[in-house]
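One structure is given below, encoded as structure tokens.
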Amino acid sequence: YWVGPFYVGFFGVTAAFFIMLGTALIIWGAALGPTWNIWQISIAPPDLSYGLGLAPLAKGGLWQIITVCAIGAFGSWALREVEISRKLGIGLHVPAAFSVAIFAYVTLEVIRPLLMGAWGNGFPYGIMSHLDWVSNTGYAYLNFEYNPMHMVAVTLFFTTTLALALHGSLVLAAINPPAGETVKFAEHEDTFFRDFIGYSIGTLGIHRLGLFLALGAGFASATCILLSGPFWTQGWPSWWGWWLHLPIWQFGGH
């Protein structure tokens with residue numbers, strides 16, 4: 001059914017349920033905490049001593065239930081997108097893309113803690129506390145920027161913005177000509193990039209490329225944190241030791 005211009009459907013109802021329940025639990029957790037400062041409110045995961053077991057509500061149990069609500073809300077939203085796509089007779093590109101973001105979240109809060117043996121390895125729900133978790137996790141591996149998949153993820157994020165900024169600026173340039181000139185179309189846009197870099201991916205191709213880069217960035221970011229802990233426990237700079245032992249360095253007299 002519809003609410004005004006919005007299609008709700010079964011999964012819209014389940015999404016609303018999980019969103020409202022999760023939000024209410026966050027407010028409850030904030031009420032149990034020491035402050036109502038929006039920057040300092042934090043819903044922490046259970047202590048590592050609880051392992052993969054259930055914790056009391058005030059000691060991480062709320063975090064566990066909120067995580068279930070978040071996954072339920074995200075999954076319901078993706079399935080609602082599937083319903084809408086099928087009604088419109090279009091492809092499932094939007095829910096498929098959103099599923100990569102869901103995968104990244106589930107990796108952080110479920111898959112990685114499962115592999116490491118404790119829910120306490122998940123990140124807390126809070127603005128400053130979550131940023132502290134990111135910082136502490138990075139320092140736990142000495143320099144997280146040496147994580148090869150982190151490098152790939154950052155590269156893809158920046159490349160996504162570069163590619164779509166080039167596309168967006170080209171469109172604005174084409175449809176906003178100087179006074180007295182006519183509006184330009186796709187053939188002018190293609191010609192510009194052929195003259196500029198020798199190749200134009202085309203108006204459809206740039207959107208496919210942007211989607212590919214964005215999804216690759218999300219997948220690589222999930223992979224980079226999944227590797228840290230379950231599969232690599234040392235500092236990431238030491239991972240690059242293999243580079244120093246390549247046969248090529250035996251040449252040159254050094």
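Just so it is clear, glycine is given a Cβ too, placed from its N, Cα and C backbone atoms.
Per Swiss-Prot, the features are as follows:
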TRANSMEM  10-32  transmembrane segment
TRANSMEM  60-88  transmembrane segment
TRANSMEM  93-115  transmembrane segment
BINDING   His130, His150  (7R,8Z)-bacteriochlorophyll b binding site
TRANSMEM  148-175  transmembrane segment
BINDING   His167, His207  Fe cation binding site
BINDING   Phe193  ubiquinone binding site
TRANSMEM  202-227  transmembrane segment
For His207 (Fe cation binding site), the number of other Cβ atoms found within 10 Å of its own Cβ: 15
Cβ contacts under 8 Å made by the transmembrane segment (93-115) with residues that lie 6+ beyond its boundaries: 45, 52, 67, 70-71, 74-75, 77-79, 81-82, 85, 121-123, 211, 214-215, 218-219, 221-222, 225-226, 229-230
Neighbouring C-beta atoms (10 Å sphere around the C-beta of the residue listed as 'ubiquinone binding site'): 17
Chain residues in Cβ proximity to the transmembrane segment (148-175) (below 8 Å; excluding those fewer than six residues from its ends, i.e. six or more beyond): 183-185, 188-189, 192-193, 206-207, 209-210, 213-214, 216-217, 220-221, 223-224, 227, 236, 239
Which listed residue (His130, His150, His167) has most other Cβ within 10 Å, given these are binding-site residues: His150
Integer Å distance between the CA atoms belonging to Phe193 (ubiquinone binding site) and His130 ((7R,8Z)-bacteriochlorophyll b binding site): 42
